[in-house]
Amino acid sequence: MNITADLFPPIWYWSFDIAFALLLLLATNFLEWNVLRVDRELQHRFGLSLVILVLIWSMRAGVSTGLGIHFFLVTTLHLVFGWQLAMYAVALAMVGMVWIGKESWQGIGINGFVSGVVPILCTYSLWRIQRKSRLNSPFAFIFLVAFLGAIVSVVASGILMTAIFLGAGVYDLEHIVSQFWIYVPLIALPEAILNGIFITGMIVFRPEWVKLFDQKKYFN
């Protein structure tokens, strides 16, 4: 999902830009820089993920003026790299979108929240819930965190997007429902399937790639 920042007063997109920058600084503080510097394989996987993310985000469908939809794949990023690197992936992907002319600099913060921060928060919350539960099978991780996490991420991002449009007085609720929410089920299920497939494949063939997947817990 993406929003055109030009539709909003400067106070709106600058507020999101500042908030997004602060969250990025927080991620910087918790990022394991020593691991990232020496792990060449991790660097390559992160770089490839960035390229894929920009390609996926660039393939968007405009559903109304200033409003578009696209797949996130942030649930997979979060589970594979952790929330810190996932935040950086979102930020760098947004810069890439600006570079190819798909976004404006002003829109990095607002779209970073809609397409990145909210999915990361949703995935992290479900991961914490599943981790504390007694469901310790790989299937629980795949379906409750990857699959369901992706669906919840799409819905939650849609709610935030709706709140932003209503709060700024850009569109009324009827317009948003008729032009946007009718498409949410069409993107939520494929989003969940894509993330589920990616995480399943990595758990089967490369479980060590999925940072938040505890092999000792799920395979014992």
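Using N, Cα and C of the backbone, Cβ positions are placed for all residues, glycine too.
Annotation comment: TrEMBL describes 12-31 (among others) as transmembrane segment.
The transmembrane segment feature in TrEMBL is assigned to 51-73 (among others).
Marked as transmembrane segment by TrEMBL: 80-101 (among others).
The transmembrane segment annotation in TrEMBL covers 107-127 (among others). Sequence-distant contacts of the transmembrane segment (107-127) (same chain, at least 6 residues past either end, Cβ-Cβ under 8 Å): 1-5, 8, 12-21, 23, 57, 70, 72, 74-75, 78-79, 83, 86-87, 90-91, 94-95, 97-98, 144-145, 148-150, 152-154, 156-157, 160-161, 164, 212.
Per TrEMBL, transmembrane segment is recorded for 139-168 (among others).
The transmembrane segment annotation in TrEMBL covers 180-205 (among others).
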Intrachain neighbours beyond the transmembrane segment (139-168), with Cβ under 8 angstroms and 6 or more residues off its ends: 1, 3, 7-9, 12, 67, 72, 74-76, 79, 110, 113-115, 118-119, 121-123, 126-127, 129-130, 133, 176, 180-181, 184, 187-189, 191-196, 198-200, 203, 212-213, 218
Long-range Cβ neighbours of the transmembrane segment (80-101) (under 8 Å; 6 or more residues past either end): 20, 23-24, 27-28, 30-32, 36, 45-46, 49-50, 53-54, 57-58, 74, 108, 111-112, 115-117, 120, 124, 202, 209-212
